[in-house]
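Notes to accompany the following structure.
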Amino acid sequence: MLDPRGPRFAAIITSVVLVVVLITGSGWLALAQAVVFAVGAANIRYAPYAWIYRKFVARHLGPPPPVREPSEPVRFAQGVGFAFMTVGTAGYLAGAPVVGLIATALALAAAFLNAAFGFCLGCEMYLLLKRVRAALPTR
Amino acid sequence: MPFEVTGLIVAAVVLLAATAFGLVKRARDGKLRQPSRSEDREVLARLGVDGATPVTLLQFSSAFCAPCRATRAICARVAAETEGVRHIEVDAESHLDEVRALGIMRTPTLLIVDAAGRVVRRAAGQPPTRAHLLAAVSEALTSGSKTVGSNR
């Protein structure tokens, strides 16, 4: 269970980083963000931005709210971010900047909706994906 | 056009579009609406809705879903405090046939089913407020008892 302000803080940092990626077109910064997503998806306790939150931000905010956030949805969102930024990084570094631009723009939309509105991408997409997958003919 | 400018424009468009989308969602999610279609009672029965219960709060959830927990908390409390109300939480992923039959697109989705087996209200994306849920439940208690004899 997590302090819900941690993932929101992380989403704000992520949004800023992704805007910088879009403006500079830097494949290496895109790669760095992909790594950050991968770490968060693997183990949310080691997520770099969440670590910054705990270390430097949380102490200035007072005690966490009584409502804790389950960590599974946050990890799922990090995994989705990782998938997008893997494509984005490949696009930028392999000389297909339009691919990088589109993938990064989608990741930014998801991160910003999380940061500004607490939007849960997993809640909206997960069931749809399952429905589509179940509808496909099995071989 | 230099690439930096393209990137800047894309970033601005994404942020504006996401803001508009988020504002629309915030206004709509969690609103208890009158469903536009009538549901198959057979499907509802497979999920545990029985005719003996005056009002059933049928909630569809998934594992990666923070608002599902909030919805569970508010429904469980209303069910505990209100005579004749039962809360059923269904893992959407493991009931895909029923999910498709009922047109469930995302989690959480909450259906309020009256004693006649009709879905009288439906909310998705966020839990309804406690006040709205209580109002809808008391309406369902009345509507269900009025028509339960004639409907089956």
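Each Cβ is built from the backbone N, Cα and C atoms, and glycine gets one as well.
TrEMBL entries are annotated by machine, without manual review.
Positions annotated as domain 'DUF4395' by TrEMBL: A:3-131. As annotated by TrEMBL, transmembrane segment applies to A:9-29, A:74-95, A:101-129.
Mean pLDDT for the domain 'DUF4395' (A:3-131) in the predicted structure: 89. In terms of DSSP secondary structure, the domain 'DUF4395' (A:3-131) contains 107 helix, 1 strand, 21 coil.
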